[in-house]
Structure formats: C-alpha cells, structure tokens
Amino acid sequence: ALFQPPKPIRGGIPICFPQFGNLDSLEQHGFARNRLWSVDPDPPPCSSHTNSRAFIDLILRHSEEEAKIWSHRYELRLRVALGPAGDLMLTSRIRNTNTDGKSFTFTFAYHTYFFVTDISEVRVEGLETLDYLDNLQNRERFTEQGDAITFESEVDKIYLSTPTKIAILDHERKRTFELRKDGLPDAVVWNPWDKKARAMADFGDEEYKHMLCVEAACVEKPITLKPGEEWKGRQEISIVPSSYCSGQLDPRGQL
C-alpha cells in the first residue's frame, strides 16, 4: 500500500528529513514529507509496555529521483501509535544502507502543529532559562528570560539542550498538551503571527490565532550515521484536562 501526501504545510507525513528548514541545499524541511511512503504489511510487534496501542509502520527508502539531489541510500521507518486514552506516539528509525562505505549527516524534526483556543492565552513551560537560536535574527544565540514562553508577536526559535518533557498550556480550554521526547535534544517553537500568515498561500489570514508549532528536533548538532548504523528518535503527545504549575510537568511519572 502507498500513502500519497498532499502538499505541505498542512499535509504530508510530519517529518523533516534529511534537512530541517533551509539549512542546506535541499527543499524546505527536506523531501521526506513530500514523498510516497509504503505501509509495512508485517511490522514488528510493539514493545511490552506499549502493546495496548494501535499502530501502523510507514517506510521510506531512497529512490532514483532523490539520488539526483541526495545521493545516499537509507531506510526511514515511522511508527504511528495511538493509545487507548488518545495519546499519540511517533517513533522514527533511520538506517544508513549505503553500499559504498559512505557516511551521511542529517537534521530531523517532527513537524507537529497544535490547535489552541487563543494563541495570546497560551504558554509553554519547560524551555525557560534555556539557550535558543532565533530564526528571526539570523540564528543568533540568546537565552530565554521569562518564566514561560508566551506569544504576542511572531516567534521562530530553536531551543537547545531541552528537557524530555514540555508542556503547552491552553488556558481558555483548561487543558495541557504534554510533549515527551527521546533522542531529540532540541525543540522548535513557531507561530507566524498576522503579517506572515497573510503572506503564506496555504495559511489562513486568521489561523495563526489558533495554532502553535512545537516540535521535537535535532538541529544544532546534526546526526552522522556510518553504513549499517541506525538512529532512533521518539515523540509522544498526550492531553491532560488541567493546567500544570511550573515544576509539575510530569505528574504521571515516566514513560
């Protein structure tokens, strides 16, 4: 079976690979999200602690078309698993399958967007006091000063050396998105605000008010794989019907 993604930003597989943003010569966020993926008809079973989840495994491998722009052979597996309470887990494995002995280097992110009631009433906790690269200021490095991230203008930042848990508090709906990650040291936070939203062909003029992009990523220090080596990254998203206070990002314990 094949999955044909529509055009980004809205559709496609939410994977930025082998390039995040426009850091290199490839198309924005790389080619993986715009390619045909196959469904693994006989995937390996879930691990014992996640066997209650429904899941599907998607596979993307090198093609002759891609070889013209990125010459490496690879296998990218994405497991999309849904838990009984509605929590979503994305697990990616990337293997270098080159037969010429060459290593390759890549950056990666899960391109996840969250629906929020009112972006002006949203705060993100877990990234305070951390260093970040500001894409609105030529990727200069700064340190976050607030006790949480709030939004009153365009934001496009790459936070570095981030914790495994991040909380997105939607005050009006009295709910919190809890994002947990593994193998992905960075976190991207983005909202285009009004002017950029109006300039984007596939983004409604007022839709910036109801969205927030927070994505687990590996951007600052690219990953290098030798032939036969594999990298694994994971992001889990769950919703809890109450707002956390600072320092209480994990009331349910570890994954």
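Just so it is clear, glycine is given a Cβ too, placed from its N, Cα and C backbone atoms.
Its own atom aside, the Cβ of Gln28 (substrate binding site) has 15 Cβ atoms within 10 angstroms in the protein chains shown. Here TrEMBL flags Arg10, Gln28, Arg33 as substrate binding site.
Cβ neighbour count for His111 (active site): 20 (other Cβ atoms within 10 Å of its Cβ, all protein chains included). Marked as active site by TrEMBL: His111 (among others).
Annotated active site per TrEMBL: Glu215 (among others), in sequence order. In sequence order, Cys16, Ala109, Tyr110, His111, Thr112, Ala187, Val188, Gln235 are the residues of the chain that are 6 or more apart from Glu215 (active site) and have a CB within less than 8 Å of its CB.
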